[in-house]
Amino acid sequence: MNGLLIACLLVPMMTAALSFILTSDVKSRGVISIFGSIALLMLSFILLYQVASGGPVSNQMGGWQAPMGITLIADMLSAILIVVTAIVSLCVNVYAVGDISRDRIAGGFFTFLNMLIVGVVGAFLTGDLFNMYVWFEVMLISSFALLVLGGNKVQLDGAVKYVAINLISTVLLLTAIGLLYGLTGTLNMADLFIRVPQVENQALVTVVAVLFLVAFGIKAAVFPLYFWLPASYHTLPISVTAVFAALMTKVGIYALIRTFTLIFPGEHSVVDTTLLGLGLVTMILGVFGAMTHSDIRRILAFHVIGSIGFMLLGLGLGSALAMGAAIFYMVHGILIKALLFMIAGIVGKLGGSFELSRLGGLYQERPGFSMVFLFAALALIGIPPLSGFWAKLLILEAGLHHDAAIVITFVIIASLLTFIPLMRIWLEAFWKPQPLESGPKIVESLDSDIIVVENGSVKSAVPLVVPPNLYIWTPVLGLSAVMLIIGLMPGKIIELSDTAAKTLIDPSAYIDTVLPNRSAAPGNLNEVQK
Amino acid sequence: MNSLIFSTISRLLVGLMLLFSVFLLWRGHNEPGGGFIGGLVAAAGIIVYGLAEGPGMMRKLLRIAPQTLVLIGLLTSVVSGLLPLLQDSSFLTGMWLFIGATETEKGLGLGTPLIFDIGVYLVVVGGVSGMVIALEEEL
Amino acid sequence: MEILLSLLVGVLMSVSVWMLLSRNLVKFLFGLVLISNVANLIIFKVGGLTVGAPALITDGGSAEYANSLPQALVLTAIVIGFGLVSFTLVLAHKAYQAIGTLNVDEMTLAEKRQDPADSEKSS
């Protein structure tokens, strides 16, 4: 019936396959991949338009009606996130053409990158828990491949930790799905909304909910399950880090939002309080972690964790207002993380290192680029009128609405503290004069075929690094423009995320789309909450 | 492995196993079997051959690079899913062609699930043998 | 039979958790193989055990049939688990070659201890 949802999955999948089969030329592979992501971006905007005008869109695979078959469904939340994913995919694809080394592309970099996008989009679109597990695996396997592609020692070391913890999360997720199936006899998420309250043994339901919390919590890098993230992200080529930091953890958050609004809504206050507490701790620890590091990539990796905390807060508070704030924060968080990591990549290319103590003088050399970094940093911190400000303002508003003084206090503290590590990057890498070190030192590999040799000062190392080219500047500037527009005109996106939040709180539209013939639902289904 | 007996037998075995894998693929159309299990048997046959003759010969036997085989298989499966869209059905809906069907007899049914299974078969053969080739070349 | 299977799940789960806690990467890997099979067993068990009945039946076939969904789920999970485990095996092998150890405590290349004296390399 509706081929749009399928197309959103098939376009990146075909791009992945075709970019590898059709050509072995490095540039052509990149071009095919870029065209694929442009197509995905257009499809995602059509999908967003359809969902915004006509409510959730669904499709039953193979003509098997729900809850028997596998359902694909896009409600507002999925549609927004797919648009954002497509934007990130396009930016990273372009950036990768300029950044990723030849041997990595020959090894199938673009194939794995596009398969990763397939997994992410699939996870956003599916209406079936087991299918979600499968998409998670598609995403995970592609991410594994990207992790080790062209791997040096450090990369392999990071990969071992990443793989180990993610596999445990996979097994937990599978176990939770199995137990939930045993309790309810269905895995269709809309059907689960109806069946889970009918389960006699509600204590067991809570146990399953906690299993889901742990499994998705590992993926989302929630305290105390986040150690794999700062251990692995900084070992990767910057394009890969950008796409991981932007998307991977947010898929975990999406899954948490989906499961805890649709499958385990409301009643399990224990879990909700836990989510709130975890959100607070994750937020603060992310910022503190960022302060202790001096490698730009690791500072940013901890900021990824910090922003996860903000999103969890929205979910933990649980009202439509808070959920809308969390969704807006997700949009902001995904885009700003991709932007910051791509900027960090340029810093690395210009300065020859990611280590703050070795960097310096970038403002003198590149005042224009410095302004781009300053803009992105201020947007992350939340200086009005940039996007981070609106995101945090919405969370604060939701906190005020709930009289949650502790939430407000923590959000303000975390926001203020975010200032410190980012301004440290600004002061050290951009503002201070270039450090002069003595003697030829350090062989740092930015990439498998780019070796930086420091000789006397950082400046002498620069010519050895490939200078950033047009492929690298375009996505950075483009994404900055998008962020600027979001910051200046947040109204439309806030409106969309509020609609998404309302569908989450009252999923009757979602349920009716998946199960059109199911009118005999529990009473609370049609109860419209504000 | 330099063993005359093993290398002689492996040539026999690889033929038998490939034949059996196609049988399994075909049988999966209506009964237990199918592309995945067929692909595994085929890959096992290729691996036996590779153990005897070395990974270079495995590549020769496959003719196409294993990664390409995986992606061709993926495309085949996707195309089989797309065909029903022409008929205005959902993605992956089975389309059937009954050859020689009469009033009473169903005839020989050929359907898009078979194409899908062939795709899966190629993915599995390419994936598993690619993995083993990579390991063998490494060791 | 169901109780026996539940006990088996419990025993295997505790064994695999014990192995997952090991510092040796290979032991960890075996633990992983075991625990993913435990997950499969759980799905298989909660789907309900039907003895001696087929999952695929023909028109007007036997009245008794097994629930085919758990079987399909387990098959999918086995396939995915197979892929993941073989990837991890290769990764462990590669990591051993590159780093020279299988003890995860000694794998500290990516996260060097922040030592003021040791400023020669940090990434």
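Glycine is treated like the rest: Cβ placed from N, Cα and C.
The domain 'NADH:quinone oxidoreductase/Mrp antiporter transmembrane' annotation in TrEMBL covers A:127-418.
Marked as transmembrane segment by TrEMBL: A:29-51 (among others).
Per TrEMBL, transmembrane segment is recorded for A:72-98 (among others).
Annotated transmembrane segment per TrEMBL: A:104-125 (among others), in sequence order.
Residues or ranges marked as transmembrane segment in TrEMBL: A:132-150 (among others).
Taken from TrEMBL, the feature transmembrane segment applies to A:162-183 (among others). Same-chain residues lying 6 or more positions outside the transmembrane segment (A:162-183) and placing a CB less than 8 Å from one of its CB atoms are 129-130, 133, 136-137, 140, 143-144, 147, 192, 196, 199, 201, 204-205, 207-208, 211-212, 214-216, 218-219, 225, 227-228, 231-232, 263.
Annotation source TrEMBL lists transmembrane segment at A:204-229 (among others).
What TrEMBL lists as transmembrane segment is A:235-257 (among others).
Within its own chain, the transmembrane segment (A:269-290) has Cβ neighbours under 8 Å at 206, 209-210, 213, 217, 221-223, 226, 230, 256, 260, 299-300, 302-313, 315-318, 404, 406-407, 410-411, 413-414, 417-418, 420-421, counting only residues six or more beyond its boundaries. Residues or ranges marked as transmembrane segment by TrEMBL: A:269-290 (among others).
Summarising the annotation, TrEMBL assigns transmembrane segment to A:296-315 (among others).
Look at TrEMBL and you will find A:327-348 (among others) tagged as transmembrane segment.
Within the chain carrying the transmembrane segment (A:403-427), a Cβ under 8 angstroms from the stretch's Cβ atoms is held by residues 276, 280, 283-284, 286-288, 290-291, 293, 296, 299, 302-303, 306, 309-310, 313, 317, 356, 373-374, 377, 380-382, 392, 395-396, all 6 or more beyond its ends. Per TrEMBL, transmembrane segment is recorded for A:403-427 (among others).
Annotated transmembrane segment per TrEMBL: A:470-489 (among others), in sequence order. Beyond the transmembrane segment (A:470-489), the same-chain residues lying 6 or more positions past its ends with a Cβ under 8 Å from any Cβ of the stretch are 30, 87, 90-92, 94-95, 97-99, 331-332, 335-336, 338-339, 342-343, 345-346, 349, 372, 375-376, 379, 385-387, 389-390.
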Under 8 Å, at least three CB pairs between the transmembrane segment (A:132-150) and the transmembrane segment (A:72-98) (pairs 6 or more apart)? no
Are the transmembrane segment (A:29-51) and the transmembrane segment (A:204-229) close enough to be called in contact, which here means at least 3 C-beta pairs under 8 A that are separated by 6 or more residues? no
Per Cβ pairs under 8 Å, the stretch of A:72-98, A:235-257, A:296-315 packing most closely against the transmembrane segment (A:104-125): A:72-98
